Amino acid sequence: CEEQQYVVARPLYSEDAFTDEHEKIHRHHKTLRHHVKQYFTCDLKRAKNAALSLLPFIGWMRIYQLKEWLLSDIVSGVSTGLVAVLQGLAYSLLASLPPWYGLFTAFFPVIIYFFLGTSRHISVGAFPVLSLMVGAVVTRLVPDEGPPVNITGFEGLTSDEQRVMVAASVTFLMGIMQLAMGLLQVGFIVMYLSDTLVSGFTTAAAIHILVSQLKFVLGLVVPGLSGPLSIIYTLEKIFVQIEKTNVCDLVTSILIMVVVFIVKEINDRYKAKLPVPIPIEVIMTVIACGVSYAFNFRVIYKVDVVGRIPVGYESPMAPNMQIFGQTAVEAFPMAIVGFAVAFSVAKVYSVKHDYIIDGNQELIAFGASNIIGAAFKSFAASTALSRSAVQESTGGKTQIAGLLSALIVMVVTLAIGFLLEPLPKSVLGAVVIVNLKGMLMQIREVPYLWRRDRPDCVVWVVTCLASILLGLDLGLAVGLGIELLTVVFRAQFPRCSVLANITGTDIYKDRKDYMSIYEPEGVKIFRIPSPIFFANIDFFRGKLVEAVGFNPLRVLRKRNKALRTIRKLLKKGELQMTSVNNFHSQSYPESEDESNMEELDQPTDFKDLPVQVNWNSELPANIQVPRVDVHSLILDFSAVSFLDISALKGLKAALKELIRVEVEVYIVACDEYILEKLHSCKFFDDEVKSSMFFLTLHDAMLHILEKHPVNSENTKVSTIHGNQCNGVSSLRSRDKFVHVSN
């Protein structure tokens, strides 16, 4: 088929000409006072919207399709509840707490999220990375070896009770931070955690989790450690006593991991054919419980088991304020990580099932869930990817499934928890490790990132290594710092380019990338693909000097020094004018007088000379001035989104330097906001005028070619229709083009 073409015939527009011809709509900008007044204004409609926003379950409950959705939610709720019980027990070990407290985390936060959350598919509860971060705080304040930190309220409590108090208090503080961020509408903060940073961070967390579970898999007694290099010290303590490995624990763990891994692969490969994924973790846990009970693993093989699980829930408790002060630094990254992971998972499912989630409301939901959960001795809650996948893949439609999963957990807590007492902790450790596959396999992203985007690869590697060696809290801070530095470097050192016309079009591309280009003599087109601000204005000016091929300030000073010398020669009578623009004199050394540099930076002044000097011709008395072959410079501002005050000053100085050496400067495709700012900041004067701004790059090029016609002997102007004509006027229609003839 023939190539599609289009023809546009319109006037050549500068910004001023376009504004004069096309009237703009005056938009009234609201003041801060108006925004504040509107924010605090309340009417019936706004109150209704606020209620629906604060209690999102009302919205989806009104459209709940009982016959179509209820059965799916029941199946999903039961499946998710069984997984939640197992993961609650397992992730309690990561938090260095007695296993049954994980059941509390799988119950209370789920109930609160049902009413306040906007996602219909995520499964709220323990998340391994958060559990590990809680465990680091717990072991720091209540270490396995040595006395606990001196905190009021620890008196008369056992070690486990002290740890529960620490975990609940840091979770309460984390919830307060999330709730405050939600109420202040700062859910956007999660945007600063890129996918690359989160991937590197969670990979490091997976390695920490793997190392922390080795003691259960091997059946060793290893004290929990926290802080920088804790992973190294933990590995050291494990390998020092490796000969004490409990073979029964090791064999059981390997068997569980192999079977669970194989069945999970089958679930992934045949998920389209299976009505529901095979709950292999639950099946293997039940089998392990039965075998452990039948063969009395605890007594005969000295296997460490879950042990007594108290029936029912414990009475609520108030958080310890002294622990708040001790754990505030760790609580903030926990709040951010917990929200970031949950929001990213929720966003995936909201896109898949076509509904909207609200980041600020999610912060409120998780904040309230953690506050109320902590009051009932649960630890930090977010969402686990595997558990959410179970809830969604088994047909869950709404958080009714989450509510039913909480009921399953409640049944276990109140009635049948004793059945899990013979469960070996090595089984829980094996289940945790095998579920790390997804996070550990993220390391495959590194080669791809190295090939495609090396700054992102640096962010991934540095975040991962820092989180492994320094701990998750410090590692996250280091990763965030590196990420922000890469953003600054990308903006501070953008890839500037010199553009050229693609022959036969009104399109302009980097001159280094294309063969068939047209560059009128004496014209340069410079593009900067980033905002211009205080940090990159000097870089911009340096690249601009490289593009034009000369330093305008140096040329200006040389010209003014040359004029000073010519005036002295004329005054002494040692220089005679032989013809217009021509001088005759004997050899005379150029003055090197550097005094009064401010005068040298001023525009060249010919008022007391009989002629105007042609700077590109030979000058008298061996005066040397750098040659300037550029008569026009176009600055493409199409990618410049803002200018700050420092950039305005630097840009104006650069423009004046170019104008003073007789280079005409044009700025094209400038954003309307920037133009308004230039006018409001009194940017324009007698030298820098608003007439230099043009609507498009092609408009500016046509204007330049009209002022500086191309030599007709070297250039042919033709049209698509084959009509031959000379002159620049034929370029005004976009169906006409310029090319250089051979």
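Residue positions begin at 1 at the first shown residue.
For all residues, glycine too, the Cβ spot is worked out from N, Cα and C.
What TrEMBL says about this protein:
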DOMAIN    513-704  domain 'STAS'
TRANSMEM  70-94  transmembrane segment
TRANSMEM  100-117  transmembrane segment
TRANSMEM  124-142  transmembrane segment
TRANSMEM  162-181  transmembrane segment
TRANSMEM  188-210  transmembrane segment
TRANSMEM  216-235  transmembrane segment
TRANSMEM  247-264  transmembrane segment
TRANSMEM  276-295  transmembrane segment
TRANSMEM  331-351  transmembrane segment
TRANSMEM  400-420  transmembrane segment
TRANSMEM  458-482  transmembrane segment
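Away from its own ends, the transmembrane segment (247-264) comes close to residues 216-219, 278, 280-281, 284, 288, 297, 301-304, 424, 426-427, 429-431, 433-434, 437 of its chain (Cβ-Cβ under 8 Å, at least six residues beyond either end).
Counting Cβ pairs under 8 Å that are 6 or more residues apart, the transmembrane segment (458-482) and the transmembrane segment (276-295) reach fewer than 3 and are not in contact. Counting residues 6+ beyond its ends, the transmembrane segment (162-181) has Cβ neighbours under 8 Å at 95-98, 101, 134, 137-138, 141-142, 148, 153-154, 187, 189, 317, 319-320, 323-324, 327-328, 330-332, 334-335, 338-339, 363-364, 366-375, 377-381 in the same chain. Put simply, of 70-94, 124-142, 216-235, 331-351, 400-420, the stretch with the most CB pairs closer than 8 A to the transmembrane segment (188-210) is 331-351.
Beyond its flanks by at least six residues, the transmembrane segment (70-94) meets 100-106, 110, 123, 125-128, 131-132, 134-135, 209, 212-213, 216, 276-277, 279, 281-282, 285, 306, 379, 384, 386-387, 390-392, 394-398, 400-409, 412, 420, 423, 425, 428-429, 431-432, 435 of its own chain at Cβ-Cβ distances under 8 Å. The stretch in closest packing with the transmembrane segment (331-351), judged by the count of Cβ pairs under 8 Å and taken from 124-142, 276-295, 400-420, is 124-142. Per-residue pLDDT, averaged along the domain 'STAS' (513-704), amounts to 85 for this model.
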